[in-house]
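Per TrEMBL, the features are as follows:
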DOMAIN    728-820  domain 'DYW'
REPEAT    109-144  repeat 'PPR'
REPEAT    208-242  repeat 'PPR'
REPEAT    278-308  repeat 'PPR'
REPEAT    309-343  repeat 'PPR'
REPEAT    411-445  repeat 'PPR'
REPEAT    482-516  repeat 'PPR'
REPEAT    548-583  repeat 'PPR'
Amino acid sequence: MSQRLLLSFKGGRSTKSLPFSSFCCKLYSSRSCNEVLSNGVASRKKEKDFEHLFKSCTKIYILKCLHALLVVSGKAQSIFIGTRLGNLYAHLGDVSLSQKTFCMIENKDAYTWNSMISSYVRNGNFRESLNCLNEMLSTADVKPDFYTFPPALKACGNILDGARIHCWVSKLGLEWDVFVAASLVHMYCRFQSSNVAFKIFKNMPFRDMGCWNAMISGFCQNGNAIEALSLLNEMRLEGIKMDSVTIATVLPICAQLDDIVHGMLIHLYVIKHGLELNVFVSNALINMYARFGELRHAQKVFDDMIVRDLISWNSLIAAYEQNNVPEKALKYFHEMRVNEIQPDLLTIVSLASSTAQTKSFHCCRSVHGFILRRCWIQEDVIVCNAVVDMYAKLGFIHCSRKVFDEMPIKDVISWNSMISGYAQNGLASEAIEIYNMMKKCDDVAPNQGTWVSILPAYAHLGALREGMRTHGHVFRVALNLDIFVGTSLIDLYGKCGRLDDAMSLFYEVPRMSTVPWNAIISCHGIHGNGRVSLKLFNDMLGEGVKPDHVTFLSLLSACSHSGLVDEGKRYFHMMEQEFGIKPVLKHYGCIVDMFARAGRLETAYRFIKSMPLQPDASVWGALLGACRIHGNVELGKLASDNLFEVDPENVGYYVVLSNIYANYGKWEGVKEVRSLARDRGLKKTPGWSSIELNNKIEVFYTANQSHPQCYEIYEELSILTAKMKSLGYTPDYTFVLQDVEDDEKEQILTSHSERLAIAYGILNTPHRSPLRIYKNLRVCGDCHNVTKLISKITEREIIVRDSNRFHHFKDGVCSCGDYW
């Protein structure tokens, strides 16, 4: 009976129904079974082959049987045997049984305590590990050794836990043990205290390869790339050779510092010392070359590999995906499947991104189906996030939302993906709605990605007050100086007409990269401060920051908005000749826009014909818009014909051509274009203007009659119109695009959305206070003249942001100089 009870130790499946001797025979080989047990009792032999029994325990229920045998044989009381049982329970994933076995050992030594601490750490029970250490330290008859502290340091959840353990290490004189010191270095680096870690490292009397690697890795984790390379040079001066871990740690630093020469020198070292066959090293080389865009070198490293693991395939697929070569990424995914390598989460993330780059909805559905068939979308939030992002990048935001709503678990990246998806697809209001939903979730805290996603949405709507409130949240979590969050704030204030605030933020954030420079150059450009943009560009070069393609896009756009044609031509040539940046269609579009705005329409058209790239909608659209401004009907018709071929679904181009015809009274042409748009199922985007007052954004549509203050608004506009006419104002009916009588035309002009928003602002704000208006379309010429006069009559500054740029109206003058 006692034997049967022992076999049921902790519920070992159906063990209690079988005789004790049968289990013992299963545990032993056929050769040793009879030697160990006879008729259900312990063997008469003095020595038993327990080593073989331990090796046989691959399942918990078998281990329980062995435990029962050891209890019967009297061996369970042995410190060594008891500790080994505890370790084996932990190895098989049952920490609870491990802990109970540990408690049954009466005279525990340091080895026993160390084993239990390590068992907790291996199974992720970090708090229990620290509690176990504290219990050990409070036991006077057991002295910790240098095996005690390294696992406990891994378990630290914060730097205070680590500092307490460091005090014990110092008190026991173990600080200079190489393993303990290396663990302290790791711990401090993990909590961004690389200065403390380096002090420990420098004071070590002896350093092995692991210590050097730990400190170099620690500098990398804390963003101290230069210090990491400096330490690497010091290591080599001491005659210590780099190993595979050192190389894999240092190669990402070369990419971070944009130092491909250093990276290639390390590659030479790898070849010279025969490390190129190390899979770990080869994978790091592929990733390094991918970061530099050197896909040819990354491909060669991959091709030369004799053994490839899943990380090798993932690295190459990600290399092509990150460098916008989705076809190659998909090709190697299929090759990976042919080689019977099973994809993991990272593979799927790269695959989803590559598929989004192909702009193929069919491929997206295939990837989604591939994921669904493996039930990954229900099991892993990372895969769900990748699918949400994939559909959003393709513009199928309703599919993104459907996947998002069905996610069983949402983390902060899930919310960020949905917010950025809406924002990137021009749905700023929906992005803000999702952000407000996120704030109600107690288990999700906004992070850097959240702020970078939501701030552009506020900027798009001109929601300055909400943006400022978010700025306060950012400041409280000390992310205001983060380069990406800081740049988003610069963009917010710049696009909300607060250039002074944008400049103040610009001088606060780190300016070693192009990101903040590009933002502030662009902000001044859309405000018509082209000369300031050029000065900032020169300041950027003076600070040693190398411009990128976005810098020149911002710069050329600034030249276009300010009529700086000669300067724009010079910078366009500088881009390729001095900086080796090949122009893309957006750069060509800026030059066309620059020539066209300046009235040089034929020059713009000749430039288009000389382009080495096939013109897209942005190029022809720039020409068409200028044809409307300068009244060139024939060239406008030519530009629109090309637009209807490359982008037939954009209703805006039909509207512009219709307006060109309407300006010259060619009503047959107007009817023809409008009929063509109707036949294609296209509807004109209604014009609206918004103004933010009293924590609320008021939106006015053209000819709006539904506002509660509608009567007062039109009455105020009537009074203002009378005052303007006394100053010589005459309505410009060319901006009325309907074939109606003059009195109706004046009424149509008066009901334009920006005028309604301005009148509402005048009625509801103190005298002489500034007004900020946001309009989704371009300000018409008559409204531009009217707003100048209203700013003079009311002694207010009126800031209007339309779809192209900012207009600062003050004392009857606009900052654009009537050039827009």
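Backbone N, Cα and C atoms are what each Cβ position is placed from, and that goes for glycine too.
Those TrEMBL annotations? Automatic predictions, nothing curated.
Here the domain 'DYW' (728-820) returns a mean pLDDT of 86 for the predicted model. In the repeat 'PPR' (548-583), the DSSP tally of helix, strand and coil residues is 27 helix, 0 strand, 9 coil.
Nonlocal intrachain contacts for the repeat 'PPR' (109-144), taken as residues 6+ away from its ends with a CB within less than 8 angstroms of a stretch CB, comprise 79, 82-83, 86-87, 89-91, 93, 95, 98-99, 102, 151-152, 154-157, 161, 165, 168, 172, 174. Helix, strand and coil counts from DSSP across the repeat 'PPR' (109-144) read 25 helix, 0 strand, 11 coil. With helix defined as DSSP H, G or I and strand as E or B, the domain 'DYW' (728-820) counts 38 helix, 16 strand, 39 coil.
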